[in-house]
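What follows is a short report on a single structure.
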Amino acid sequence: MFLSAALRARAAGLAAHWGKHIRNLHKTAVQNGAGGALFVHRDTPENNPETPFDFTPENYKRIEAIVKNYPEGHKAAAVLPVLDLAQRQNGWLPISAMNKVAEILQVPPMRVYEVATFYTMYNRKPVGKYHIQVCTTTPCMLRNSDSILEAIQKKLGIKVGETTPDKLFTLIEVECLGACVNAPMVQINDNYYEDLTPKDIEEIIDELKAGKIPKPGPRSGRFSCEPAGGLTSLTEPPKGPGFGVQAGL
């Protein structure tokens, strides 16, 4: 029933070792939430219903094309892509942009708020030009994503959830981005950078500072997600339809 002193000491050591990996529930979602709140909006000088927002003429044409992808009378189905379009135009989603989306799609504003607060990909507060999203979920953590996160913080002089003074970079932690076989990895805007070392991420940041877009994908020399030692299957083009089928069939 009682732990020995040695076992208690061992348990304490493990707790200290793993403590830095323990994160609060929904931490990444909270980081993306308005004012640090997961589902709550509070008016601020830069984010309120009177914040100027309207789509450009070009984006209104894109919205028309998007809506045509859905059956007549089902404009509401276009909430996700139209919100994404608003974010790409503005860089983030003030509540006035959500209201504009609701107006265009003829849905109650609450329907748009529900979507914008559910998906962490929607930024409900301003972010830098380059949004660095570091995966720290288990596979990346086991591949030392902590070293990538620490290298970014040291390089940029900011902590998780902060933006550089020049508004170039915002740093956040995110949950799994679906590229576990290329861990550790980060997403910067729409691009994945994989198989990273601290030196790799520093070089990527330097290129971005210089106005260049680094080549996305693995930094280890792999083409995609094949084994590091090379392919072990599918080493030649497929034979095509009918290969191996009995002649009489």
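Using N, Cα and C of the backbone, Cβ positions are placed for all residues, glycine too.
Annotated [2Fe-2S] cluster binding site per Swiss-Prot: CYS135, CYS140, CYS176, CYS180, in sequence order, evidence recorded as experimental evidence. Residues or ranges marked as N6-acetyllysine in Swiss-Prot (evidence: similarity to another entry): LYS61. As annotated by Swiss-Prot, phosphotyrosine applies to TYR193, with the evidence given as similarity to another entry. Sequence annotations record features per position, and here Swiss-Prot assigns region 'Disordered' to 213-249. Residues annotated as transit peptide in Swiss-Prot: 1-32.
Assigned with DSSP, the residues of the region 'Disordered' (213-249) fall into helix, strand and coil as follows: 0 helix, 2 strand, 35 coil. One way to see the shell of the [2Fe-2S] cluster site is to take the Cβ centroid of CYS135, CYS140, CYS176, CYS180; the remaining same-chain residues with a Cβ within 8 Å of it are THR136, THR137, THR138, PRO139, SER145, GLU175, LEU177, GLY178, ALA179, ALA183, PRO184, MET185. Counted over every protein chain shown, other Cβ atoms within 10 Å are most numerous around CYS135 among the binding-site residues CYS135, CYS180. Rounded to a whole number, the distance between the Cα atoms of LYS61 (N6-acetyllysine) and CYS140 ([2Fe-2S] cluster binding site) is 40 Å. Classification of CYS176 ([2Fe-2S] cluster binding site) by DSSP places it in coil, neither helical nor stranded. The two recorded residues CYS135 ([2Fe-2S] cluster binding site) and the residue listed as 'N6-acetyllysine' have their Cα atoms spaced 35 Å from each other. Taking only the Cα positions, the spacing between LYS61 (N6-acetyllysine) and TYR193 (phosphotyrosine) is 33 angstrom.
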